[in-house]
């Protein structure tokens, strides 16, 4: 009988390299927010991959970048703290973009903070380019990370090679116990997941300045008194400027209603019951650079 393996795997990379989509594909359900906008993951979300002979706990971090605000610095600190604590680092590099200074900077950060941690390079988004481009990117990634790191191409969207990624990550884990019971897919509280789902819906199709400026806080969650099958969820969406409030709400409140409809459908799946979702938008000026407001909003 093979020895049970378990441990923590951190997926890292530049913003928008497919880390959250890959987390969801590996776990088999939605535990991390995905958006076409970079820098949309704010919290370290753990997804859990269960198999008969191993358990992988995935830590999905924000994209590492050179910080411009206090929030950016805190997010980067979160990533570096994570590097030092995990068993394996999965470096995500997309197949459809040339390796650049950002990728090299991240490899330098990994080598400086976690030189002994096993590194696996994961070439993501292979469905977006022809096979010869994938092959060329594999060579370029090999030159970047060196001979000691294993390299795996994957498409989280089509599912191609997802099982291979799981096998490679599991093989690098140490022997250990199952940290979580079978069937548990994340250790994030439901309120955090609900806030992330609302945030994802609110970010869909909006201008570039909004992702960094939007925070969502769940204010109240209560079962409806006269109905067993309905839960009331009240959420606050915080932006930094009045102009951003207008973007979220839309003409005559149309966009906020769309956000509510999309988020409610996802929250109902998460909770397994009908949901009444009440969304309110507030302005918290320059919250990304204000330590007190960052703390109040959960950072």
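Glycine residues also receive a Cβ, built from the backbone N, Cα and C atoms like all the rest.
Copied over from Swiss-Prot, here are the features:
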type    : residues              : note
DOMAIN  : 5-175                 : domain 'Era-type G'
REGION  : 13-20                 : region 'G1'
BINDING : 13-20, 60-64, 124-127 : GTP binding site
REGION  : 39-43                 : region 'G2'
REGION  : 60-63                 : region 'G3'
REGION  : 124-127               : region 'G4'
DOMAIN  : 206-285               : domain 'KH type-2'
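Mapped onto this structure are the features recorded in Swiss-Prot.
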residue	record	DSSP class
13	GTP binding site	coil
19	GTP binding site	helix
126	GTP binding site	helix
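Counting every protein chain shown, 23 other Cβ atoms lie within 10 Å of the Cβ of residue 13 (GTP binding site). Summarising the environment of residue 16 (GTP binding site), the number of other Cβ atoms within 10 Å of its Cβ, over all protein chains shown, is 18.
In this structure, 126 is the one among the binding-site residues 19, 126 with the smallest number of other Cβ atoms inside 10 Å of its Cβ. For the domain 'KH type-2' (206-285), residue counts in helix, strand and coil come to 33 helix, 29 strand, 18 coil, using DSSP.
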